[in-house]
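Feature annotations, reproduced from Swiss-Prot:
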ACT_SITE  101  active site, O-(5'-phospho-DNA)-tyrosine intermediate
BINDING   199, 251  Mg(2+) binding site
DOMAIN    7-146  domain 'Topo IIA-type catalytic'
């Protein structure tokens, strides 16, 4: 293990234990133990002009042992801190799912989690309070399955040492699988001109089969729906370190616009990591509501939940630009949505021969 990683792990352990020590000091001073966190809501995110990302605002909520509910949350925090510190001492790691089940073995029933969403949220809370990423706690999610295909040579750390991989020549049709912690990757060289993030596996496979990555020197990143943190981190590194334009290609519905938003602006629940995960320069290719009209794409009508989501996005500060106001307004007017693969109504090659080249040229990428 490198010195850098040892230093990161030491800092992670120290910051975790500092949380428990804070509770102890509050007890010793005769104070009720408490922990303050930023309010994680749409109304408490603000634009950081220096970093060009959306971050939490000044609104805070306090978790206090003054109530039974608050005391339980602090108890769970202490048990989780103890587990994570021990995990770091032993040089081991675990998944978020395993943490949920591991709590079943804790000797205090009140410290056990009711479901995984509760333990996941607590890990996020500990990230915020400690200022340390969960990857440095040695916590990882389940495999996202997201993959990369394109003219990129990299070096990754494995249990058997470092190995070099070319993300076209050394992989099958599936591509190179993004590791849980992409900061363990070193970029060696690339012939790529841009990055294309693709929402669906079906469209990603179409682009690869049609040779889009070869023909246009593109690094195709499969987002796999709502992108995992590792996928967003790798995308940001491709932009920041290799100076590659990043584009995002999704379905044409409000949920897919949020997928783009998580890549470009960051998500509300991980706004504390926006500078680490978000790529504010990322551009949205489509499917745009304007594309639905221009290409007369096969569509489905908007559901009530779609309409509510679109109206919510109009109030979301991350989508309050002229482009999004116009496109969302148009979608509400036409009352339609379309999938990426609806482009196949014009032939299997239309997306790679016509749609993407034309849109990328319009955006100044090609």
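Glycine too: its Cβ is placed from the backbone N, Cα and C atoms.
Taken as a whole, the domain 'Topo IIA-type catalytic' (7-146) shows an average pLDDT of 84 in this prediction.
Separating the Cα atoms of residue 251 (Mg(2+) binding site) and residue 101 (active site, O-(5'-phospho-DNA)-tyrosine intermediate) is a whole-number distance of 35 Å. In this structure, 251 is the one among the binding-site residues 199, 251 with the smallest number of other Cβ atoms inside 10 Å of its Cβ. Residue 199 (Mg(2+) binding site) and residue 101 (active site, O-(5'-phospho-DNA)-tyrosine intermediate) have their C-alpha atoms 31 Å apart, to the nearest angstrom. Applying DSSP to the domain 'Topo IIA-type catalytic' (7-146) sorts its residues as follows: 79 helix, 22 strand, 39 coil.
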